[in-house]
Amino acid sequence: MFSLPALRPHSRFPLSFPSPHRFLPKPSLFSALSASLTLALDPDHRPLHYGPSLRRGRRPSPASPPSLGSGDGPLIDKASFGRVFDVAALRVPAEECAALENRLRGHLLNWPRVRNVARVSGDDVEPEFKRIMRDAEGDGGDRLRSLARRVDGVSDGEEVVAPSPVMYREKLAKDFNWRGFVRFRNLAKISRPKKKKKKRDGEREGIEAKERMEKNGFSFLEVVEDGGGDGEEEDDMRGLLGADFHVGRWRGPTRLLLLDERYANKGIDELPEAVKVVLLGDSRKSMPSIYELVQCHLTLFYNYWQMNELLEDLLPENMVVPTGFETVGHIAHLNLRDEHLPYKKLIAQVVLDKNKPKIQTVVNKIDAIQNDYRTMQLEVLAGNHSLVTTVVENGIRFQVDLATVYWNSRLATERQRVVSGFTSSDVVCDVFSGVGPIAISAAKKVKHVYANDLNPIAVEYLERNIVLNRLERKISVFNMEGRRFICAIFANQRPYPITQVVMNLPNDAAEFLDAFRGIFRKRPRENDCNLPKIHLYGFSKAQNPEYDFHQRINMALCETVADIEMHRVRLVAPGKWMLCATFTLPLTVALAKQTGH
Ligand SMILES: C[S@@+](CC[C@H](N)C(=O)[O-])C[C@H]1O[C@@H](n2cnc3c(N)ncnc32)[C@H](O)[C@@H]1O
């Protein structure tokens, strides 16, 4: 079962706790806890907000940035879940980014699922240009500076702050041969001065932005304010180096290192020392700083938010949020409360959206299991309507049709526990085998398995699963009523005497125990009686469930079983335990006079 932590969004304490229950109420306990922790952490008694939240971000303006999934499906207006956050970032050379990320880790945004490093679209330079820049800078920038001096008419003794864009252009024009010219396409604009088409530029940026966003699918980052530069010079160089070129900046590929949200819209003075050192340290050199502080808008879309965050926003204020579901293959199985029923399709859509592609179908149980075959009444709420699925449990594949057979993924561990007690010399009899999770798992280990179920469709799937797992020679299949099956299977001496019996029908299995009375009565010698070990499942709501279940076993066998091992499997409802009792069938029962069943 997946379980997602959930706190209501207006909870003041932003940490989340794993929920032990399927539904996390919005109880006063949590509010009290969150309030006290908030106060403890914040001496000004201001609520501490950290991390992205649907309640904190601004809604994006309709025009920009592009929304994701708008109008996708009639149930949920996904576009309405876009939220914009102000974030400051350091623009740094790409090559230094990893080292800086490590160095500044504690001062970075560190939001879940948002990378601290963002690419700057369009500023990745072609390797050819990189080489020229490296060559030019190879002597500590002397060649660049000397070139700049000549271009700017500055004598050799004077200090040059930055090589001018004109110089770069000349240098590039000289260095590129005709092939390089083709590869560095913006260079063509030297002879064709760039026309200022602001609108078209904007459109192009829009397209780039969209491309960037669709790559990661749930967030979008745009730089809204930065150091800028000399307008004319900048425009000139933009024509040469592309839209993202800015004068005085590092002219190689850059990355944005997103800073902790508290530094949004702050000046350099207000940044932590470690960040200041990065920003200002370089300005002492003669080159302009290659690091820049920029302000960005980070937009998070529907795809970003987690299931509980979306449901908290979608469901009425005081409603508990469903936080978990069971999975069976591609099917998510909800167990909704009555109060959720008016929102069942909405909830199912969110579950589907947030768990694709693993989950393809979302269902809700309509009724408690009541029928003989222990099948569930399910309603498909979202996704495709197929309830036939393949489950992999403990490495074994099972095909099941949830509409017609019993399956419970929560028993996987228990099934493994029981099978782990079997040895290669065992012969197992699974009286209520269903589609075979115990029988097939056991067959991989033991000498032989006799598997039975009353439900003919379960037996059909059992046979399919035996073939699927290539165990045809290890399992014999029966479609009989349980009591009759027990009598029949023990009536004759089989080539493999049964050593283990599994009875997993917790509601009624104990009542089938009388079938064991007298099973060896017709055996001529006591030595021929291989008394099987029985693993019997049952429920108990008693104060002492083990005692209660033991009593029921004694009554059913009309005998006191002295040596019995009890295992609590799980709580199926408040105060109701599922138990597994393991005991060896008493000889007195096996030889008893049958009681007319
Ligand atoms: C709780 S399920 C357990 C199935 C399987 N052991 C498992 O773990 O998935 C109980 C199974 O017993 C079968 N069953 C119910 N009543 C039965 C009966 N009287 N005789 C034989 N099988 C029965 C049901 O069809 C169902 O498949």
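Every residue, even glycine, has its Cβ placed from backbone N, Cα and C.
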In TrEMBL, the S-adenosyl-L-methionine site includes D453, L454, E481, G482, N504. Which of R410, R415, R417, R523 does it also list there? R415
Listed S-adenosyl-L-methionine-binding residues R415, D453, L454, E481, G482, N504 - what's their greatest C-alpha to C-alpha distance in Å? 22
Around the Cβ of L454 (S-adenosyl-L-methionine binding site), other Cβ atoms found within 10 Å total 19
Intrachain C-beta neighbours of N504 (S-adenosyl-L-methionine binding site), sequence separation six or more, cut-off 8 angstroms: L411, D430, F432, G434, I438, H535, Y537
Using a 10 angstroms cut-off on Cβ to Cβ distances, just flag whichever of D453, E481, G482 is the loneliest among these binding-site residues. E481
When a 10 Å sphere is centred on the Cβ of R415 (S-adenosyl-L-methionine binding site), how many other Cβ atoms does it contain? 21
Simplified to three states, DSSP reports N504 (S-adenosyl-L-methionine binding site) as coil
